[in-house]
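In what follows, a single structure is set out as structure tokens and then discussed.
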């Protein structure tokens, strides 16, 4: 495109002013992301000045195939997939249902929307501490509620699978509002004439949803599925706040952090093994890449079929 | 509206759908308000009363918890740190971001399409945790507020939002301003900036919330207590006062209430930021 603000040297002004932002981006984000690959082939530690040696595929071999630790790693990998799958499907379904309900012309829907969206601003620390209290096992609200049905739970301090399930619950609770808002934005782009036409044709509520709302919601469906899947594969901060680094609950993201920066909790102590952690980062990245691309391809094909 | 017509269609007979809708909405609302109410109630109780019955109504109104939390949690210092980090990093970021987004949107720099793609790619790349740490460590900026702020000078989503918004501004404006003798920097600063204010507000709010709520970076990069932001401070406080829920609840609430008030004002910016581009696909 033609540039109007001067000739000759002054044409370089946009480049000069673009430089700081681009520089920070390469330095802080893109560069380190790519360098993760390099570090994954080394024995880097977190100690300043310590020599870094090239060790080839050793980190990967150890991560995937060596002894008990690698079995734990594979468990963490499996857990990451379960976490991501459950969070994505449940959050997607509930988000859609809630969006359809609050998008009706009813009173107070704005207030409800705001309430569901609220955790987004609070961040993981407040979200986590709030639920630690709400899930207080010795007579907290949820404990009392369960007691009504003769059930009891140790919640976050209970069996690993139980604690894991509660983290999934809080994760969905915290992010449901985002999914809902994206669906609402999509719902509001559907022209009301289409609903009127469907009604004149005698369609019932389910038919209207199936033939008008659902197909026209495709862009929001795509966005939500991709965002939720990729986001939940990488999410682990709530684990840190709610349960800490506990055997039987770790997901890959937390494992990377713990092996890279050291974590002690109970019997588990890890050291600063940054090369190894970088290798784990690459494993997680490949997981995100494969799942993301598969999903993207599937969604695009579906979109072509529906919207032509 | 669409929903209205769909609603009328069914509601002629019985309004079960409306009743059902409200029941579902109220059920979910309880899940969201419940934890906050529990927080408020607990923060007003004494420890013995909490031990005896965690959910009973706080009749004693023990406001002492708040004073205790404020002082013992070292709140003033941590809050000040959080404010410094958030304000300075967001300011530097937005200044650089505008000058990145504008020429890309206009094609005033070569390969602007490639540059934009580079920013989009970042959303899928592996977590940069390890090399980032090595970088900060070797720059001598570990446990240093400046190094910490540096981590937050990047936000690819913000660039994408700004580029999309700038594209809606007619190019003729550039020409007209240039003919009037307006320079590039001044044009971006005093003409483009005011025009893209809604997008700027959205990006600022999203970026600032991200920094304010960040927990991982301070646990990795800041070891001295005097540098902790409020998130890390709260986690440390939990480690010490973990079983003393009334005081801990007061501390959490002290942080939650201002955020909720802020939320009511900023909600639309957050929503527009998070839903940006989602409709088009």
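Our numbering is plain: 1 for the first residue shown, then up by one each step along the chain.
Note that Cβ sites are derived from N, Cα and C of the backbone, with glycine treated the same way.
Annotation source TrEMBL lists transmembrane segment at B:21-40 (among others).
Annotated domain 'ABC transmembrane type-1' per TrEMBL: B:79-266, in sequence order.
Here TrEMBL flags B:83-102 (among others) as transmembrane segment.
Residues or ranges marked as transmembrane segment by TrEMBL: B:114-134 (among others). Long-range Cβ contacts of the transmembrane segment (B:114-134) within its own chain (Cβ-Cβ under 8 Å, at least 6 residues beyond either end) map to 100, 104, 151, 156-157, 159-160, 163, 220-221.
Look at TrEMBL and you will find B:146-166 (among others) tagged as transmembrane segment.
The transmembrane segment feature in TrEMBL is assigned to B:187-212 (among others).
Residues or ranges marked as transmembrane segment in TrEMBL: B:245-266 (among others). Counting residues 6+ beyond its ends, the transmembrane segment (B:245-266) has Cβ neighbours under 8 Å at 36, 39-40, 42-47, 50, 54, 62, 65-66, 68-70, 72-73, 75, 205, 230, 234, 237-238 in the same chain.
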Range from B:21-40, B:146-166, B:187-212 with most C-beta pairs under 8 A to the transmembrane segment (B:83-102): B:146-166
Close approaches to the transmembrane segment (B:146-166) from elsewhere in its chain (Cβ under 8 angstroms; 6 or more beyond its ends): 85, 88-90, 92-94, 96-98, 100-102, 104-106, 116, 119-120, 122-123, 132, 136, 139, 192, 196, 198-200, 202-203, 206-207, 210-211, 214, 217-218, 221-222, 227, 273, 276-277
